[in-house]
Amino acid sequence: MEKRQDIALGLIFVGIGIAAAWMARGYSGASGTYPMVLGVILALFGGTVSIKAARSGRTEARRLIDAPGHFFTTALIATAYVALVVPLGFYTASVLLMLALPLALGFRRLGYALIVALVFMALIYLVFSVLLEKPLPREAILSILGAGA
Amino acid sequence: MEFFTTALGHVLTLGPLSAMTGSTLLGVFIGALPGLNPVMAIALLLPLTYSMDPLVALAMVAGIYNGSMYGGAIPAILLRIPGTPASIATTFDGFPMADKGEASKALKIACWSSAVGGIASAVALMTMGPLLARLTLFFGPAEYFWIAIFGMASVGVMVGSDPVKGIMAAVLGLLIGTMGIDNLSGQARFTFGQTWMLGGLDLIVVLVGLYALPPVLQLAEKADLRGLSAAQLKLADAPFKPGELRGLIPTWLRASGIGIGVGILPGAGGNIAAFLSYNAAKNASSDPESFGKGNPQGVAAAECGNNADNAASMIPALSLGIPGNVVAALVLSALTIHGLQPGPQLFHQNPVLVGGFMVEMLLTSVLIFALGGAVATRVFAQFQRLPGVLLVPSILILMCVGVYVINGRPVDLWVMLGAGIAGYLLEKVNVPLAPIILGMILGPMAEQSVRRALLISRGDATDLLTRPISAGLAIATLLVILWPVVKTLRRRRAARA
């Protein structure tokens, strides 16, 4: 398992290195030489990792993901959050995340999660919107309410 | 001395003072929560410091760093769960002490030892940093190039278990650092036709993703639904025996020396300092058998050692531009955010800022004495009752808001997410992340220096090696890279014999 992972890892870096060196050929003068050299070095080190792994006798198990169910659930919800943060607005998407992610991970005390979410979002609002005055993605619900008024 | 008195005048104002107090408390809180660590906290903090005064921003970094190194001792002692990797050695005697009903005493020793280690380390930074910086007056572009390469090679080799993967990670960081418009020629490199890529990948965006997302994903994988019960966090008190505190002084002195030495070495971290200090205390003890069974000297050595590493790791970072560990790399990022070029010029161009940061490292260590006492520890320990699954979305939101406010670009959120998932997988296959960040920080310095050196020498590459200091640095780099090869060959020969 470990051996195959390292062979694949090395080959990925060889690929990145060669692609970088190839692209750098088109850059003018010294601005291309430096990334080209780096690409070649990266490919050489990637190759070394692959060759070392292929020659090594070690095949002990190394899990890439410890709890795939929880990992993919979190990654998926995090991706959905990033996708929704602009269309829904920062605070709406964040409150949804604070409730949906614990629920998806098996937390069933919704009241507790809601209180923590509200306290946490109030803190975020105070720090980012009131104190630091940082512009965050606008709340869609406010636009809808505004249009309806 | 005038260097520090001027800096002290700037630090002892409302902004830096309140930042130090608040962030030291925040640091203790972060360290006390297993799953959160100082690197993640500082990475999350950095985007917020854009609009701050640099001294206030650095005060926050110093407070979180010193505070969290002590905070890690709280769960290590109460639950045998190290709050940070540097507090693993604290569990050896801290938890047995708590088990014997001496939790409060163990926490007091941890608090005082952390403060002593931090103060000793800050004094070392304040004395050795300026001396080392003076040496850099003799540096030209060739020396700067070799310093950058030496720093990356040593961190690449020393961090992680496989030196080849470490150096590979550093080269990847250097390559990422070339993305965007080349400052010297105006050539757009690796932008894939995207206008938002013209400025390259934002260091802080990548950094937040690489360092904050993997621990969040690990926390989610554990899916802790309960948190800790009140009974698990109950602190029993035990008085000190006569002479017991005085008996800790030799341990503090020894551990401080070890921590400072380890801190200066690029690539070695607080956990190594804590283990070495613990072993040294055990070897020096007249009763080594009692170690691991609740000996206060064990707690003192581990905590003093890991805090003594903190400021010392900033010595090569501030004077040479070579970060000793990831937090030092983050400090360099903080300087970059404020338009300051990390490296040898920093002392000459911004003495107030560098001196001020050193003073802040000292004052935040002193603050641990005042703020990390038993009452504060009792309060912070209560946060461990919060279920881990509620921390996961909270940290994700902090990451997103922190990244979004840098440029106000949604695309940065995707870059952060991609970097985080890549970081999680790279760590799993033993590719260290610190060299990637270091490559991104030092890459532009290395490229500009080598190109300037070649311009000066009219393209003669041998000029990079002919000056005594640059030749010395090149040899040192070669030795650092060859050292693991020599070690492997020796091991093989020994195995055959």
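These residue numbers are counts, starting from 1, taken along the chain as shown.
Even glycines carry a Cβ here, placed using N, Cα and C.
According to TrEMBL, the feature domain 'DUF112' maps to B:18-438. Positions annotated as transmembrane segment by TrEMBL: B:29-48, B:55-78, B:106-132, B:144-161, B:167-184, B:196-213, B:252-276, B:320-340, B:352-376, B:388-406, B:469-486.
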Note = Stretch winning on C-beta pairs under 8 A with the transmembrane segment (B:320-340) (pool: B:29-48, B:144-161, B:469-486) is B:144-161
Key: Mean per-residue pLDDT computed across the domain 'DUF112' (B:18-438)   = 83
Remark   = Beyond a gap of at least 6 residues from its ends, the CB atoms lying under 8 Å from the transmembrane segment (B:144-161) belong to 167-170, 173-174, 265-269, 316, 320-323, 343-344, 430-432, 434-435, 438-439, 442-443, 445-446, 449-450, 453, 464, 470, 473-474, 476-477, 480-481, 483-484
Key: Tertiary contacts of the transmembrane segment (B:388-406), as residues 6+ beyond its ends and Cβ separation under 8 Å   = 33, 35-36, 40, 44-48, 50, 202, 204-205, 208-209, 212-213, 216, 219-220, 222-225, 227, 412-413, 416, 420
Ask   = So what's near the transmembrane segment (B:252-276) in sequence-distant terms, Cβ-Cβ under 8 Å and 6+ beyond its ends?
value = 69, 84-90, 113, 116-117, 120-121, 124, 128, 151, 154-159, 284, 300-313, 315-316, 322-326, 434
Seg_contact(the transmembrane segment (B:29-48), the transmembrane segment (B:106-132)) with at least 3 CB pairs under 8 angstroms, min sep 6 = no
Note = Ranking B:106-132, B:167-184, B:352-376, B:469-486 by Cβ pairs under 8 Å to the transmembrane segment (B:55-78) puts first B:352-376
Distal contacts, the transmembrane segment (B:469-486) - CB-CB under 8 A, six or more residues away = 138-140, 142-143, 145-147, 149-150, 153-154, 157, 163, 167
Request  = Using a Cβ-Cβ cut-off of under 8 Å, list the residues of the same chain that are 6+ residues beyond the ends of the transmembrane segment (B:106-132) and lie near it.
outcome  = 3-4, 66, 69-70, 73-74, 77, 90, 93-94, 97-98, 235, 248, 252, 255-256, 259-260, 263-264, 296, 299-312, 314-316, 318-320, 347, 354, 358-359, 361-362, 364-366, 368-369, 372-374, 377
